[in-house]
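Under the heading transmembrane segment, TrEMBL lists 44-62, 87-107, 114-133, 173-192, 204-224, 255-277, 297-320, 332-352, 358-387, 441-466. Under the heading domain 'Major facilitator superfamily (MFS) profile', TrEMBL lists 49-466.
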């Protein structure tokens with residue numbers, strides 16, 4: 001009988017219990033001694049692969065937030081209020097999170113290159129086609145189709161980086177990859193406001209990223225490296241059943257707690273990213289002598305978001321790399337402290353918007369830097385506490401939970417609260433600008449409470465993270481010995 005066809009037991013606990021502990025530990029140390037811990041060891045093709053993934057992630061988030069940069073124009077053209085405007089993002093995120101588990105399952109078993117190329121092509125085509133739709137509900141359906149395409153890419157791309165690198169190099173590459181999220185989001189606001197303003201039509205802002213998406217499809221198909229699953233860790237583990245994968249993830253305390261924490265991050269970023277420019281615009285125009293347009297606010301907000309990402313993501317990665325060698329719980333603690341520091345800064349920014357011009361932007365920048373500390377670290381934690389053949393499923397599961405209870409509902413929830421407060425505060429139609437501002441301000445305060453909850457979940461993750469990471473390292477070592 002061909003022994004190579006036998007799927008080894010991949011249950012973490014079973015491997016640790018049944019394996020020869022001394023031999024497994026020796027093999028684990030041997031593997032760690034062969035790790036590439038310096039960027040000088042990375043090949044040109046590996047750099048190119050990470051660059052391609054980062055480029056696609058950049059245009060992914062550009063596309064996602066281009067609409068937020070011209071939201072006021074969208075509301076006027078379709079004749080909708082805050083609730084339906086928030087629903088556009090909610091439809092996108094619902095489609096995104098529903099299809100993420102499907103692509104996660106496929107990504108652990110079939111060609112990741114083809115799945116990613118299909119997804120990028122789908123969201124590029126539907127974004128371009130959707131820019132010509134004249135009906136609000138049809139436009140919302142197309143935004144949902146964009147979410148399906150983006151789900152295929154987001155669940156798989158981090159696992160490719162995980163299979164190319166380990167340890168410190170993996171953390172740095174993930175930081176580079178997630179660096180594209182705030183930068184791409186910022187570019188989205190800028191592209192939407194600048195291109196839409198130049199063409200005097202917000203729809204032209206949506207027609208930029210599809211052309212970049214076509215370039216991305218070509219790069220994925222013909223230039224990107226597609227490593228074997230577990231290649232960097234020399235893992236020979238094979239996929240188990242989907243039911244077993246899910247059972248293992250649910251029983252993994254570090255993974256579940258960090259997923260709940262990241263759900264809070266998604267809730268906050270989803271609401272602030274969607275409503276931030278309009279909220280600041282309403283507040284600034286209440287100040288006497290301030291003459292500013294929605295496009296100008298979106299431009300400033302985009303630049304602020306980009307800069308906070310340029311500072312926050314590498315800072316979080318650097319702190320994590322510097323501290324985790326001496327203190328294994330550092331990643332989770334940095335994420336938790338970052339959220340708890342961000343909360344008062346964001347709250348003060350919302351309070352000062354109607355009275356000061358520069359203070360809200362400065363406070364929001366500080367709050368976003370602290371918030372951005374977690375992007376690369378959360379991804380790294382989610383990967384190193386899960387065995388290689390389950391990582392796409394884990395990414396998909398985290399996307400499903402974080403978006404289902406996070407940014408799938410937060411833009412719509414804030415819009416609904418805002419509209420409800422408007423109706424209860426004023427019988428005049430349309431309500432005054434002060435009423436609009438105050439209603440949106442009170443609705444956005446919900447994000448501050450959620451941020452605190454997220455910080456607590458990250459700190460709870462720190463209790464289990466070291467033990468769960470060790471289980472995975474030993475499981476990989478024992479499986480390699482068995483095979």
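Any Cβ shown, glycine's included, is placed from N, Cα and C.
In this chain, the transmembrane segment (114-133) does not touch the transmembrane segment (255-277); fewer than three CB pairs sit within less than 8 A of each other, excluding pairs fewer than 6 residues apart. Contacts between the transmembrane segment (332-352) and the transmembrane segment (441-466): present, as 3 or more C-beta pairs lie under 8 angstroms, all at sequence separation of six or more. Against the transmembrane segment (44-62), stretch 173-192 shows more Cβ pairs under 8 Å than any other of 87-107, 173-192, 204-224, 297-320, 441-466.
Beyond the ends of the transmembrane segment (204-224), by six or more residues, the same chain brings 48-49, 52-53, 55-56, 59, 62-63, 66-67, 69-70, 113, 116-117, 120-121, 123-125, 127-128, 130-131, 160, 191-196, 198 to within a C-beta distance below 8 angstroms of the stretch. Listed stretches 87-107, 173-192, 358-387, 441-466 were compared with the transmembrane segment (297-320); the greatest number of C-beta pairs under 8 angstroms is found for 173-192. Only sequence-distant pairs (6 or more apart) were considered; of these, fewer than three Cβ pairs between the transmembrane segment (173-192) and the transmembrane segment (87-107) are under 8 A, so the stretches are not in contact. Under 8 Å from some Cβ of the transmembrane segment (87-107) lie the Cβ atoms of residues 64, 67-68, 74, 115, 119, 139-141, 143-148, 150-152, 154-156, 159, 242, 270, 274, 392-397, 399-400, 402-404, 407-409, 411-412, 415, all in the same chain and six or more residues away from its ends.
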